[in-house]
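One structure below.
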Amino acid sequence: MKALSPVRGCYEAVCCLSERSLAIARGRGKSPAAEEPLSLLDDMNHCYSRLRELVPGVPRGTQLSQVEILQRVIDYILDLQVVLAEPAPGPPDGPHLPIQTAELAPELVISNDQRSFCH
């Protein structure tokens, strides 16, 4: 078994600490109670960024306020509800026939001749 240097062991232990703990240990951070509002603000900003990415129709190059982002999200949810509330289109005037594999991808269908080579 190899002996570990004390410096390397300390380095590995420090790397495992969270950023907040490391900042407090170095003395440049504030108390956890003082940092909590900042981390909540970062979390909220991250959430608004994710909403902006996920909702279609939000322009990429323009700056939107948080209220505008929320309004676009609400509009998108309402649009989805309308689409889901519409009745599904019914089958055509004939009987409903299941789709066969041969209709989807005929090249995947194995004939009896080819099947005999498999065994």
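Every residue, even glycine, has its Cβ placed from backbone N, Cα and C.
What Swiss-Prot records for this protein:
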- 28-80: domain 'bHLH' (DOMAIN)
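Taken through DSSP, the domain 'bHLH' (28-80) splits into 38 helix, 0 strand, 15 coil. When pLDDT is averaged over the domain 'bHLH' (28-80), the result is 82.
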